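Take a look at the structure set out below.
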Ligand SMILES: O=C(O)C1=C[C@@H](OP(=O)(O)O)[C@@H](O)[C@H](O)C1
Ligand SMILES: C=C(OP(=O)(O)O)C(=O)O
């Protein structure tokens, strides 16, 4: 539980940003690296792990279930229990602010004949867990206790022998897809996840890398069928975690909206299931050069050179949402400095993140003089090139790291400063945000 006094922070209009920056490791890949390393037989060595609170809690959970995980120099070393051999945790597993951690771990333990209790902070305790419990119940899981609306705290009891399923994921969610695939690991037989709308594919790629028999087929309608054979032998791997595009989004948008900036973002993950923001910003006229595209540890990465740009408003295609789902708050900030209107649609999933991001963004924009219109699942932002008249407000972050960082970016190019009510949650995904941005020339205090 986050109980300390709130620590506000302000961002002031800054001179041109410059320099090179490497943002921390990808959060999605980091969670999975500790989870699969903690499960696989033998040793997993991880470099570039995101040492944010969300990911560290996943490590603690795996330790509570029998894995050994420790840091040696720059490397994290995991010795796993072996697939099928997780132990019943003695204490509740506390996932803090992390949706990915709790939902993937529910999948992982959902097919084990043991009792596990899950808890989290005030934000996580408001988020719906039924989306992962529904398929897991079809595999034999019992929900021993839950708060109304399938909210945390939740106690689960897995079956003696889980049954394989075929499950069509009803909303675009990599967390739901992954929970089913992870439950299938300890279930004999073949399970199939049908994914009508493609979402980030890290679970599929990494499980295959650890030795799972997993096949992905995309049919004529673009629907993905992921088949996984239960009870594979998983073997420890060496993993280099690329820089997180969802974190890179903050210095990237900052460099675009602060006139005269010239920043290089190094080794950013370019997996196409994650690059929707870069595509959208380029359509808005952003000066982004993609340099040295290369493959590192099975993922495409590149350096991005970003210069201050005059942006124009666009309509973002709805089907791009899964590839930039966590980047809408900072896109809305970019749109606030663009010529004309930017329309974002298909945003229903934003309502169930660390906060209701659609309303948190709209409120924050309005508090800082931006004209915007919030729909059920859409947002229209009318930009003010040069940030004329923008700023001067305080933003409620609602325990949401992305709201906090997005509005600090806004303050760097607004006429008046922008204040956020609390900076504490930034540490969940980007612990060195303030230091890195300050090095580039951002005025944060
Ligand atoms: O699988 C993952 O690592 C994630 C999936 C997304 O959530 P949903 O599956 O709820 O869309 C994303 O918002 C989250 O930050 C990370
Ligand atoms: C939605 C996010 O994370 P999670 O669901 O893991 O809390 C995020 O990091 O923006």
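Any Cβ shown, glycine's included, is placed from N, Cα and C.
Remote same-chain partners of the region 'Disordered' (1-24), defined as residues 6 or more beyond its termini with a Cβ less than 8 Å from a stretch Cβ, comprise 48, 50-52, 97, 121-122, 243-244, 247-248, 250-251, 254-255, 258-268, 308, 387, 391, 394, 399, 404, 407-425, 429-432, 434, 436, 439-445. Positions annotated as region 'Disordered' by TrEMBL: 1-24.
The domain 'Enolpyruvate transferase' annotation in TrEMBL covers 12-434.
Taken from TrEMBL, the feature 3-phosphoshikimate binding site applies to 27, 28, 32, 173, 175, 326, 353. Under 8 Å, Cβ to Cβ, and six or more positions away along its own chain, residue 175 (3-phosphoshikimate binding site) finds 99, 100, 103, 104, 131, 132.
Feature annotation from TrEMBL assigns phosphoenolpyruvate binding site to 27, 99, 127, 175, 357, 402. Summarising the environment of residue 99 (phosphoenolpyruvate binding site), the number of other Cβ atoms within 10 Å of its Cβ, over all protein chains shown, is 21.
The annotation active site, proton acceptor is assigned in TrEMBL to 326. Annotation note: residue 326 (3-phosphoshikimate binding site) sits in a helical segment as assigned by DSSP. The Cβ of residue 326 (3-phosphoshikimate binding site) has 23 other Cβ atoms within 10 Å, all protein chains considered.
Residue 402 (phosphoenolpyruvate binding site) carries a helical DSSP state (H, G or I). For ligand 2, the neighbouring binding-site residues among 32, 127, 402 are 402, by Cβ distance under 6 Å. Within 10 Å of its Cβ, the residue among the binding-site residues 27, 32, 127, 357, 402 with the fewest other Cβ atoms is 127. Of the candidate binding-site residues, 127, 357, 402, the one lying closest to residue 27 (3-phosphoshikimate binding site) when CA atoms are compared is 402.
Closeness to ligand 1 is met by none of the binding-site residues 32, 127, 357, 402, no Cβ falling under 6 Å from the molecule.
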